[in-house]
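Straight from TrEMBL, the features:
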SIGNAL    1-25  signal peptide
TRANSMEM  114-137  transmembrane segment
TRANSMEM  149-167  transmembrane segment
TRANSMEM  173-189  transmembrane segment
TRANSMEM  201-220  transmembrane segment
TRANSMEM  226-243  transmembrane segment
TRANSMEM  255-275  transmembrane segment
TRANSMEM  316-336  transmembrane segment
REGION    351-372  region 'Disordered'
TRANSMEM  434-454  transmembrane segment
Amino acid sequence: MASRKPSTRLIQAFFAWKAVLFVLASLSPGPGYDTSALIALNRSSSRHVDFQSWSILDRVSLNSFRWDALYFIKSAQRGYHYEQEWAFSWAYSLLLKALVKLVSGNGSTSLQNYVWTGIVVSNACHLVSVLVLHRLSNTLLGRQQSGRVPFVASMLHIVSPAGMFLSSPYAESLFAALNITGMLLYAQARKKDRLDRQQTVHGDALILGAGSLFMLATWIRSNGLLSGILFLVDVVLFVSQLRKGELSLNGIRRLIITCISGALLGLGAMIPQYVAYRQYCVSQASASTRPWCSKTLPSIYTWVQSHYWNVGFLRYWTFSNLPLFLMAGPMLWLMLQTGIEHLRYFTRQPLKPSNTQSRGEGKDKEDPSATSARMPQLALPQLILAISAATNFHVQVINRLSSGYPVWYIEIAEWMITQGSVVQRNKVPEGSQWICRGLIMYALVQGALFANFLPPA
């Protein structure tokens, strides 16, 4: 498949996989043990009887309207009414609201329209992130892998363990599209610097584009802030060169551009918090002002996560949550193992803002697509996310949050393609194709559980 028009093959595989998931969702025998979605879609007292005669499309929309999707859709339809709703993406709900109004005009804006809009947005963004991941993989690896590793990595993203979360009205697909595209622009800028041996205006534009996309990703999910580590690494390296007197005028310009891009990320995190602060701490200022308003750094997101969901350092480490740690264990191991493997490139090629050319620089100097540009710093957001999930989050969410981070897909694809070198060096089992099979099996089981409103979420 990889040898002929990989983008076309990826699109075909994408729609085939989505068809499997939606057929699985349509076969759900009932409205789920939690009937919140059914009640929201059908206010009639005969809703359970009516459900038996629903069409396949109606069943798919109901069975995609689960867990956090209830918050996203209701917030898009009528705005934020309750404090705990601020744990869910403010920007994503605004996007759905805008799209529904754009499509319907003055027509119907029923809850069903919001659900289907969310489904379309999620699947479109998932497809975009698959194609962008293929291009990012080619940028990082060059021609050495003959297109096989990028193709396999993109296929792994299609069958991501996020499963139905990437097909339902959830923020994961949009976040993945923004975050991976931001990493692509960042990688293109760094690779261009390496080939041109200096920082160019074109590279500056790519860095600003990456910062803008990371800002939007942070609006969608707060873990988008982790991508700012890429800019932090660059700033440290630039400052180090500046102190040694080795930084050119172009390098100083790039340092400024990098700082601006990092500031955009901070802006992405602050804007939703500012909107909430104005609503709860300024407009409603009174004796009943919420406790988080008086914090040194008031953040409704951290307050809601801690107060309503008991999120905090080691709070999830209880015996009753052991099954969830076991469920998240394989994904945590993969993210840590692949992240560490990617970081090992620190010792194989120098990490400098004005890098010398990497492997194959001689004969491929004039062809950027032929030169690999392994960037170990891309693994840092993934590693910190995995550690944070194990210590601070509801650990099972790592199975869906992982969908927006490209390094583990690329490294597993290399395990599967280059068994002789990578597997022996890292003592990964030779049957690493079982990782792919495991992802598919998990996504199918998770899809069936999701459609029935059953854990894990």
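Cβ atoms here come from the backbone N, Cα and C positions, even for glycine.
These numbers come from a predicted model, not from an experiment.
The list of residues near the transmembrane segment (114-137) in space but at least 6 beyond its ends in sequence, with Cβ under 8 angstroms from a Cβ of it, reads 6-7, 10-11, 14, 18, 41, 60-61, 64-65, 69, 72-73, 76-77, 95-97, 99-100, 103, 149-151, 153-154, 157-158, 166-170, 172-174, 176-177, 180-181, 183-184, 187, 403-404, 406, 409-410, 413. The stretch in 173-189, 255-275, 434-454 that contributes the largest number of Cβ pairs under 8 Å to the transmembrane segment (149-167) is 434-454. Long-range contacts of the transmembrane segment (255-275) within the same chain: residues 86, 90-91, 204, 207-208, 210-212, 214-219, 222, 224-225, 227-228, 231-232, 234-235, 238-239, 242, 247, 298-301, each at least 6 residues beyond the stretch ends and with a Cβ under 8 Å from a Cβ of the stretch. Residues 20-21, 24-25, 27-34, 36-37, 63-64, 66-67, 156, 159-165, 168, 330, 334, 399, 412, 415-416 of the same chain lie 6 or more positions beyond the ends of the transmembrane segment (434-454) yet place their CB under 8 Å from a CB of it.
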